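Since the structure comes first, as structure tokens, the remarks are kept for the end.
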């Protein structure tokens, strides 16, 4: 029995106190390092700013405004300090050649397993450990290298894409001429020339265009998703500079705000010097051409660069590319922490038990292993730490280092299966399962970016377009042959209203050298065909309507102020109106808008029939507009002009006075009819959204489009239902107003428990809601079945995703889009999907997955996501299971070798267990396993709910696999121990020489037996878990077992010159030989005389108990009786009556011979039977 003296107990308590103080010191030291680092960073920033000021440069963004000298003509008088601006390079990559190695290593060592194994590797290099550093260093090097190559290749592709953008050719005005250069060489202040259909290479302030009025038309599809045409203006003083020579003589200075990510906000002014006179003009968003937008309907423009590169508004809306951490990886890290605690517990317990064994001098310093003087004088604390680290190294394989690289390989190889899926073929990760929120763009993602005129209602009669002719509903195409196609008066008036009430612009595709001057909209009058006209509209449905009227014979050919006056004034929230002058001189008002904005002000026409037709159009998913008119008498129009002029020139309350005049004009309307335009959706969008809803996934639509357009598309695609109560949070201007509106919405939702609710939010109101009322806004959104956010800036989309991503519930988010305006949202979400649409490839380049159509999201999530999650969950759990099976016998073996840190397995087998013997079966399983047939998963979306909230990686499932691993490990170890029996030759260390000169093996044989049973068992366990067998599964499952046997035969059958020790030589061959099989398997069936003698009762042999024999001193004194009894009860093999050591001499034989090792491998105490029935003899052998 172990007894501690008072002195030893006091020392142990002092040691524990020292450990606690040491941990506290480490924590305080870490805090000091963090504070010191912050102080150093501040000092370096101060030094940098000081040096910049000394060198004549202003620190970037130190002031609120920036001054840009057009054509970089800096003032020559006085002391001028130029500002530093960013160059025009776009950088979407994470690494450079210089920082790839340190930055990638930092990111990889953020993973717990990698950081842990580098520490273990360093420990193995610094102290004497039972295993070689190669056993930890080689797998770590393999994992780090494979991951670095994969991430480096992905970043190389981003570099390649950046170089294509930065290397685009552009023209700039320098030294009085037009010079071609690369996009990355543009500097702030350069005058840049952009031609038709080219994208703007930087944020430019428009100086002039080929039009006399200095206007141009652009599309911002890649920025905000809108396909409509926008008109931008230049100031009058610069619009005349249409040649390079005049631009070279231009003296102007632009003062504007510092870079701001808001696409719709720009505040600045331009100062033009003409004849020593400075003319100051204001600049707004209508003067700024954003990078990424495209020039349309204009031959060329000149603009001065004010924001370049990563300071442009498009780049500021990019979210920094960060390393995404999946829910699976977070679960893996949590499980690794638990296993790390298990590892520390085993190491501490082993260290304490070792010193408990060595409490007596005889065990601490046996006669055959005397300590040196230096070892006797060494610090007990350092010895304890050294032994603790040695045990830590011995058990470190419980942490599966190859888990991460296997997961990465599964992601990489699994992506090919998605690409090979023909159901996802049009033209052409990881958390696709568990997704709870889908955030999708509208334009180009849900829709085709194409609109078509379908139906209309004129004076209470429904019409359709057939072959370019307007025909009443119900008439067949055959019945129209030979019929009169002349339009009636009502039909002609309706088509004239539709073709004139809009903001459409016209482009004439005339050949070079033909037509009139630049900017002349009526050059087609001289024989130019209207078929060569191309329409550009501020709204896609306006373009569809004008093109439809053109096909029906009423073509819009432009406006001429001499013959017709057009005043677009009533562009309120839901209504637009124009006043026209007819050829006869009369004035007529045409107005169009939503039915709620037109019908209440209509006093004549078929109001009720039109209302019914509008409802029918809406039920078909068409976008509806109601059209009306009003004729003015001379006196009425004079009054209208007077009121409009007074309101427009008012200095106070101009907006309110204009709104009052609009209300006065837009009344007493005559209803003409209604239109139905189809915003063509992509195929199966409605079915996909419904399937996602059945799967328990909430869908949000985030778009930069207008409120009415977005709501119409949501209704047509099934995002909003007709029976759904639509709530609105629109046009909120103050925090209090926004908070009150949110409270009202919350009360409405609470009072109604039956009706489903949908929420519509605009960008301005969303900014207020996210500023101070996040919790209230989240509560309202979570109680809504569908949410629509309109007029969203790209960065706002990312903020919404981030809001839900970081909410207390931590839901898995998915973002899908097709344009550059969706990049931030795609990068922010857990899963980012890019659609290869008509808006470029920027979304695809920054996404985790790329698909061609929105409908493919159905199979991607419900099938591939479901299968992937099941596979990756089993992969993670199985890795922990097989490592528990691997290292637990190592821990149990220490109880039988006096905690001498003797390894049970050879170093080669330690290294190859996770790399080769058990890696391929689980990798193939994670690629091919199908728990449910894919067709069933796609037809039953509700099955997706079964894997929500990371259910297969819950703590309960993790505990099951862990306990299963411990149970199997105990069976491996004690089963092999029981199978060997009390044959001490198989339990000894080193080689046992028998009388017939045949070699037997000790601990290596036992370890090899445990290892062999373990490899076969863990492989068969995976085979039992496999539901879907392919030839590949069969090949790797049975091939891994066969490879293990072949490797062991070669490794143990040859003396390898590069291996320092030949411990495993002939071990596996002997284990499989008939003699060993006879000893192990048939000793209980056909025992020899010696084996019978070993099994005699204690009353006849007066021998020692099997465990105490390991702990006996030569004098017969036992120091481990308590542990012996414990192990005897665990195994149940030894007599329980013996609790002491007999060293009696019977017949001259010492029955308790040999001695234990203190620091090396425990020597075996063997019993010598001197009976005449057996001529074999055994000798003790020990090795240091």
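Each residue, glycine too, has its Cβ placed from N, Cα and C.
Summarising the annotation, TrEMBL assigns transmembrane segment to 39-57 (among others).
When the domain 'P-type ATPase N-terminal' (82-136) is classified with DSSP, helix, strand and coil residues number 27 helix, 1 strand, 27 coil. According to TrEMBL, the domain 'P-type ATPase N-terminal' annotation covers 82-136.
Summarised as a single figure, the pLDDT of the domain 'P-type ATPase A' (169-229) averages 85. Annotation comment: TrEMBL describes 169-229 as domain 'P-type ATPase A'.
Marked as transmembrane segment by TrEMBL: 334-357 (among others).
Proximity of distant same-chain residues to the transmembrane segment (388-407), defined by a Cβ-Cβ separation under 8 Å and at least 6 residues beyond the stretch ends, is recorded for 111, 113-114, 116-117, 120, 123-124, 127-131, 136, 139-140, 142-143, 146-147, 328-329, 332, 336, 339-340, 342-344, 346-348, 350-351, 872, 875-876, 879-880, 882-884, 886-887, 890-891, 894, 901, 903, 910, 913-915, 919, 922-923, 926. The annotation transmembrane segment is assigned in TrEMBL to 388-407 (among others).
Look at TrEMBL and you will find 441, 442, 443, 542, 569, 592, 623, 703, 704, 705, 791, 797, 821, 822 tagged as ATP binding site.
Residue 441 (ATP binding site) has a Cβ environment of 30 other Cβ atoms inside 10 Å. Annotation source TrEMBL lists active site, 4-aspartylphosphate intermediate at 441.
If you look up TrEMBL, you'll see 441, 443, 818, 822 marked as Mg(2+) binding site.
What TrEMBL records for 844-1074 is domain 'P-type ATPase C-terminal'.
The feature transmembrane segment is assigned by TrEMBL to 908-928 (among others).
Here TrEMBL flags 958-980 (among others) as transmembrane segment.
The annotation transmembrane segment is assigned in TrEMBL to 1001-1023 (among others).
As annotated by TrEMBL, transmembrane segment applies to 1035-1059 (among others).
Taking the Cα of residue 818 (Mg(2+) binding site) as the reference point, the closest of the binding-site residues 441, 623, 704, 791 is 441. If you look at the transmembrane segment (908-928) against the transmembrane segment (1035-1059), you find at least three C-beta pairs under 8 angstroms, all six or more positions apart, and that counts as contact. Helix, strand and coil residue tallies for the domain 'P-type ATPase A' (169-229), in that order: 7 helix, 31 strand, 23 coil [DSSP]. The Cα of residue 822 (Mg(2+) binding site) lies closest to that of 441, out of the binding-site residues 441, 623, 704, 791. Within its own chain, the transmembrane segment (334-357) has Cβ neighbours under 8 Å at 2, 112-113, 116, 363, 384, 387-388, 391-392, 394-396, 398-399, 876, 880, 883, 891, 894-895, 898-900, 958, 1119-1120, counting only residues six or more beyond its boundaries. Here the binding-site residues are 623, 791, and the one ringed by the most other CB atoms within 10 angstroms is 623. Counting every protein chain shown, the number of other Cβ atoms lying within 10 Å of the Cβ of residue 818 (Mg(2+) binding site) is 33. For residue 821 (ATP binding site), the number of other Cβ atoms no farther than 10 Å from its own Cβ, over all displayed protein chains, is 32.
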